[in-house]
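J.: Handing you this structure, nothing more for now.
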Amino acid sequence: MDAVDTTMEKLRAQCLSRGASGIQGVARFFRRLDQDGSRSLDVRELQRGLAELGLVLDTAEMEGVCRRWDRDGSGTLDLEEFLRALRPPMSQAREAVVTAAFAKLDRSGDGVVTVDDLRGVYSGRTHPKVRSGEWTEEQVLRHFLDNFDSSEKDGQVTLAEFQDYYSGVSASMDTDEEFVAMMTSAWRL
């Protein structure tokens, strides 16, 4: 393990100390920082973002992380590659079941899950807020998607956003068998 790997472990531990959604929250935050939509951050943006989140890296660690994910020598790091590396690693069995659950939800096969995709696999009719008249079934479906969606809450969930969410859940479960059983039951796979 080199210095950057050690730094990523340190960052990952700091994220996971925030709970199962720690990685997801960091991913949302950094995607929001990417104001120009370039899917990259420079050292200053990364440092400011980490500081705002209360995640601490020294200058050498920050520079090492940026060098590792600066794919084109532009002085910026590839945001998605960085976030993928930040996620706690999942075994092949865990990755496969997360991908299978996403594929089940993505009924249109276009790589994103929308409210329309959910209608066939998730019913909000029995949700307490629908039964009380407080929400519509559409609102329940949107709220459900928002659990996985990025900070933009655009009503579309990508596989990366779905993985961000489940990487945090995965980190809290000791065995592949336990995680796979939970996913299989939750998504009726």
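Cβ atoms here come from the backbone N, Cα and C positions, even for glycine.
Pulled these features from Swiss-Prot for this protein:
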BINDING   D34, D36, S38, S40, E45  Ca(2+) 1 binding site
BINDING   D70, D72, S74, T76, E81  Ca(2+) 2 binding site
BINDING   D106, S108, D110, D117  Ca(2+) 3 binding site
DOMAIN    21-56  domain 'EF-hand 1'
DOMAIN    57-92  domain 'EF-hand 2'
DOMAIN    93-128  domain 'EF-hand 3'
DOMAIN    136-172  domain 'EF-hand 4'
MOD_RES   S40  phosphoserine
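How buried are the listed features, and what sits near them?
T.: Listed in sequence order, T76 are the same-chain residues six or more apart from S38 (Ca(2+) 1 binding site) with CB atoms under 8 A from its CB.
Look at E81 (Ca(2+) 2 binding site): DSSP puts it in a helix.
According to DSSP, D110 (Ca(2+) 3 binding site) sits in a coil region rather than a helix or strand. Around D110 (Ca(2+) 3 binding site), a 10 Å sphere centred on its CB holds 10 further CB atoms from the protein chains shown.
If you average pLDDT over the domain 'EF-hand 1' (21-56) in this model, you get 80.
Note on the domain 'EF-hand 2' (57-92): residues 3-4, 7-8, 10-12, 15-16, 23, 26-27, 30-31, 34, 38-43, 46-47, 50, 98, 160, 163-164, 166-168, 170-171, 176 of its chain, located 6 or more positions outside it, place their CB under 8 angstroms from a CB of the stretch.
Under 8 Å from some Cβ of the domain 'EF-hand 3' (93-128) lie the Cβ atoms of residues 135, 137-142, 144-145, 148, 155-159, 162-163, 166, 170, 176, 179-180, 183-184, 186-189, all in the same chain and six or more residues away from its ends.
If you look at the domain 'EF-hand 4' (136-172), the same-chain residues 6 or more away from its ends with a CB under 8 A from one of its CBs are 16, 19-24, 27-29, 31-32, 80, 83-84, 87-88, 90, 94-95, 98-99, 101-102, 105, 111-115, 118-119, 122-125, 127, 129-130, 179, 182-183.
Mapped onto three states, the DSSP output places S40 (Ca(2+) 1 binding site) in strand. Around the Cβ of S40 (Ca(2+) 1 binding site), a 10 Å sphere holds 22 further Cβ atoms from the protein chains shown.
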J.: Considering Cα atoms only, can you say which of D70, E81, S108 is the nearest neighbour of E45 (Ca(2+) 1 binding site) among these binding-site residues?
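T.: When the Cα distances are compared, D70 comes out closest.
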J.: Residues sitting near the domain 'EF-hand 1' (21-56): Cβ under 8 Å, six or more positions beyond its termini, same chain?
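T.: For the domain 'EF-hand 1' (21-56), the nonlocal Cβ contacts are 11-12, 14-15, 62-63, 65-66, 74-80, 82-83, 86-88, 150-152, 160-161, 164-165, 167-168, 171.
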J.: What does DSSP call D117 (Ca(2+) 3 binding site) in the simple three-state scheme?
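T.: In three-state terms, D117 (Ca(2+) 3 binding site) counts as helix.
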J.: For D70 (Ca(2+) 2 binding site), just count the other CB atoms lying within 10 A of its CB, please.
T.: 18
J.: DSSP on the domain 'EF-hand 4' (136-172): how many residues come out helix, how many strand, how many coil?
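T.: Tallying H, G and I as helix, E and B as strand, the rest coil: 23 helix, 2 strand, 12 coil.
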J.: Do you know which of the binding-site residues S74, T76, S108 has the most other C-beta atoms within 10 angstroms of its C-beta?
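T.: That would be T76, with the most Cβ atoms nearby.
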